[in-house]
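Beneath this line is the structure, given in C-alpha cells, with notes to follow.
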C-alpha cells in the first residue's frame, strides 16, 4: 500500500490531500500542487485528469516544490500507485512494430545512446516489471510509465517523438 500527500503551497503548507490509491481526478481536492510528501510506494503523477499529460515519477521522499519532481507547473490532476515487482526486463527496438535492432535490459540505464548506440526508440516490449522512460540521458526530461505490455510505436506510451535518453526500473528503495 502506498501513501502520498499533496500540498497546495511550497514547503508542505496550505490545504493538503492524502491519497493511498489510484485517483483519476484530483481536482476536487486541491486547485494547485506545489509540494508533495511520498511516505510509501512509487507513484506516477499526471498534469491532467484521467492519467493524461506530462508524467512525473516519484519515490519515497519529500518534494518541497514542483521543480524537485521536474515539474513544468503546479498542475497535478491524477495519480497512480505503481505496483512493485522483484524482476524487471524489457526490450527496446530501433523501429516500429518490434523490428530492427533489439536490445534487452534488466537494470537501469543512464544513457541509452552511450550504452546501445540508439538515438531513438520506436517500439518497446516490457516483459517484466514497470519502468520509467526519460527522453534525455541521466533521468531528465519528459517521463513515461511503461507497464508490462507491447508498445508498437512511441505514441503508444504517450510520446510525441522517439527520443529515449535513459530508463529506470520502478523500485521502492526503502
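Here the Cβ of each residue, glycine as well, is placed from N, Cα and C on the backbone.
Predicted, not measured: the structure shown is a model, and the values here were computed from it.
Per Swiss-Prot, the feature domain 'Beta/gamma crystallin 'Greek key' 1' maps to 2-40. Same-chain residues lying 6 or more positions outside the domain 'Beta/gamma crystallin 'Greek key' 1' (2-40) and placing a CB less than 8 Å from one of its CB atoms are 49-51, 58-66, 69, 74-81, 172, 174.
Averaged over the domain 'Beta/gamma crystallin 'Greek key' 2' (41-83), the predicted model reaches a pLDDT of 93. Summarising the annotation, Swiss-Prot assigns domain 'Beta/gamma crystallin 'Greek key' 2' to 41-83 and lists sequence analysis as the type of evidence.
Here Swiss-Prot flags 88-128 as domain 'Beta/gamma crystallin 'Greek key' 3', drawing on sequence analysis. For the domain 'Beta/gamma crystallin 'Greek key' 3' (88-128), same-chain residues at least 6 beyond its ends with a Cβ under 8 Å from one of its own Cβ atoms are 137-139, 146-154, 157, 161-171.
Here the domain 'Beta/gamma crystallin 'Greek key' 4' (129-171) has long-range neighbours at 42, 44, 54-57, 70, 80, 82-85, 87-90, 92, 96-98, 105, 107-114, 118, 120-123, meaning same-chain residues at least 6 beyond its ends whose C-beta is under 8 angstroms from one of its own. As annotated by Swiss-Prot, domain 'Beta/gamma crystallin 'Greek key' 4' applies to 129-171.
Same-chain residues at least 6 positions away in sequence with a Cβ under 8 Å from that of residue 23 (S-methylcysteine) are, in sequence order, 78, 79, 80. Under the heading S-methylcysteine, Swiss-Prot lists 23, citing similarity to another entry as support.
For 84-87, the entry in Swiss-Prot reads region 'Connecting peptide'. Tertiary proximity for the region 'Connecting peptide' (84-87) is limited to same-chain residues at least six positions away from its ends with a CB under 8 Å from its CB atoms, namely 41-42, 106, 128-130, 170-172.
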